[in-house]
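Novice: After the structure tokens below, expect a handful of questions from me.
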Amino acid sequence: MPSNKSVSDAPIVQFTNCRILRDHQLQREDLWVREGKILNPEKVFFDEKGSADVQLDCKDSIIAPGFIDVQINGGFGVDFSLATDDFKSGIDLVSQKILSHGVTSFCPTLVTSPPSVYHQVLPQISVRNGGAHGAGILGAHLEGPFISKEKKGAHPEHCLRTFEAGAFQDLLATYGSLDCVQIVTLAPEMRRSSEVIQELTKRGICVSLGHSVANLSQAEEAVQHGATFITHLFNAMLPFHHRDPGIVGLLTSDKIPAGRRVFYGMISDGIHTNPAALRIAHRAHPKGLVLVTDAIAGMGLAPGRHTLGQQVVEIDGLNTYIAGTKTLSGSVATMDTCVRHFQEATGCSVETALEAASLHPAQLLGIEHKKGTLNYDSDADFLMLNDNLYVRATYIAGEEVWRQDASGM
């Protein structure tokens with residue numbers, strides 16, 4: 001057994017005077033961090049005979065896992081669905097700016113685009129850890145182009161595609177590469193979608209159902225073949241009907257394979273989903289709810305005209321429409337705003353609201369052993385928040401990467 005010397009020379013930081021979200025409860029205990037990981041203090045005391053090198057007073061903050069946004073199309077003037085020469089600097093800008101919203105990891109999302117855009121953009125997206133430079137990139141979310149014309153929403157119709165004879169080869173030819181892809185949204189009622197879902201799932205890619213006119217049995221079949229997610233529930237799908245509830249029916253389906261959970265994204269911005277619909281979904285299937293922003297390039301900018309891939313979008317207050325129409329096109333909400341709105345609209349606990357933006361997306365992507373919790377040995381990506389769930393500071397790998405200045409506390 002080591003003497004008084006720590007196993008590692010790296011400093012141990014002890015965050016004190018805080019309430020930590022652990023095991024679904026806010027618990028009044030300290031958070032211990034070393035080398036970017038969360039430590040078990042008992043091991044430090046008893047096995048290493050060690051103690052903290054630095055103590056930080058959190059001033060009664062809530063400490064919660066960092067938020068994970070699995071559907072974000074851009075922000076601050078950057079559109080992930082536009083192939084530009086400086087795409088890398090654009091993604092860097094967004095990843096840096098969303099630290100102030102409490103986002104520590106995200107999936108840059110591309111809406112339906114021509115193959116040339118995928119071929120240019122996807123090689124420029126690489127999975128990387130977060131840090132002072134910005135939130136970590138978990139891989140791309142490709143929303144389309146294999147979606148329904150009837151429920152295309154803000155996606156350009158001329159770019160939509162169907163699966164032909166070599167269905168999976170069609171998908172590969174369209175995207176060019178799946179190397180950095182984490183999620184694909186498709187419409188499960190499309191012919192040959194089952195084999196595509198199976199092939200994607202085999203490669204560890206999450207398949208999401210969305211922009212679809214699928215009935216419940218088509219949705220259930222997709223889940224049986226491996227689909228695990230629903231893209232922005234209620235939006236761009238058949239409305240709930242009591243004789244055939246469509247994709248929405250997956251929330252209470254008894255045809256989900258044993259041991260599997262279907263997750264569903266919700267844009268909790270007060271615009272895309274009425275608070276009553278948010279409450280219905282949450283009460284029906286609380287453990288599957290994943291908060292997403294679906295933010296577009298106009299997030300963080302003044303109202304006016306912006307882009308979403310091939311389309312021009314007008315921002316009017318919190319509403320975003322395809323120019324000249326009343327078709328909603330993404331949101332300008334930030335993740336911390338979505339968490340607060342969700343908590344207020346549903347009356348759920350603070351713990352539940354925070355887990356919908358951290359634990360649940362991590363579980364969806366199968367990374368809950370390292371992200372989305374404050375369990376021992378997981379990545380020290382976490383937030384300090386006040387009681388009203390405003391972010392005070394953001395930490396990645398145990399290092400402070402953003403802090404609210406004193407005037408905003």
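Just so you know, glycine gets a Cβ as well, placed from its N, Cα and C.
Curation does not apply to TrEMBL; its annotations are automatic.
Quick caveat, the model's predicted, so the values are computed rather than measured.
Pulled these from TrEMBL:
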- Asp294: active site, proton donor/acceptor (ACT_SITE)
- Glu143, His211, His232: Zn(2+) binding site (BINDING)
- Ala154, Asn235, Ala236, Arg243, His272, Leu328, Ser329, Gly330: substrate binding site (BINDING)
- 62-401: domain 'Amidohydrolase-related' (DOMAIN)
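Show me how these features fit into the structure around them.
Specialist: All protein chains shown were included, and the count of other CB atoms within 10 Å of the CB of Asp294 (active site, proton donor/acceptor) stands at 29.
Around Glu143 (Zn(2+) binding site), the same-chain residues at least 6 positions away in sequence with a Cβ under 8 Å from its Cβ are Gln71, Thr109, Leu110, Val111, Thr112, His155, Thr185, Gly210, His211, Thr231.
For Ala236 (substrate binding site), the Cβ neighbour count at a 10 Å cut-off comes to 25, with all displayed protein chains included.
The domain 'Amidohydrolase-related' (62-401) scores a mean pLDDT of 96 in the predicted structure.
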Novice: Identify, in sequence order, the residues in the chain of His232 (Zn(2+) binding site) that are 6 or more apart from it along the sequence and have a CB within less than 8 Å of its CB; answer 'none' if there are none.
Specialist: Gln71, Gly210, Gly265, Met266, Ile267, His272, Val292, Asp294
Novice: With the cut-off set at 10 Å between Cβ atoms, which of these binding-site residues ends up with the most neighbours? Options: Asn235, Ser329.
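Specialist: Counting every other Cβ within 10 Å of each candidate, the maximum falls on Ser329.
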Novice: So the record assigns Ala154, Asn235, Ala236, Arg243, His272, Leu328, Ser329, Gly330 to substrate. If I measure every Cα pair among those residues, what is the longest distance in angstrom, as a whole number?
Specialist: 30
Novice: Taking the Cβ of Leu328 (substrate binding site) as reference, which residues of that chain separated by at least 6 in sequence fall under 8 Å from it?
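Specialist: Those within reach of Leu328 (substrate binding site), by Cβ under 8 Å and sequence separation of 6 or more, are Gly153, Ala154, Asn235, Ile271, His272, Asn319, Thr320, Tyr321.
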Novice: If you count, for each of the binding-site residues Ala154, His211, Arg243, His272, Gly330, the other Cβ atoms lying within 10 Å of its Cβ, which residue has the minimum?
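Specialist: Output over binding-site residues Ala154, His211, Arg243, His272, Gly330: least Cβ neighbours within 10 Å is Arg243.
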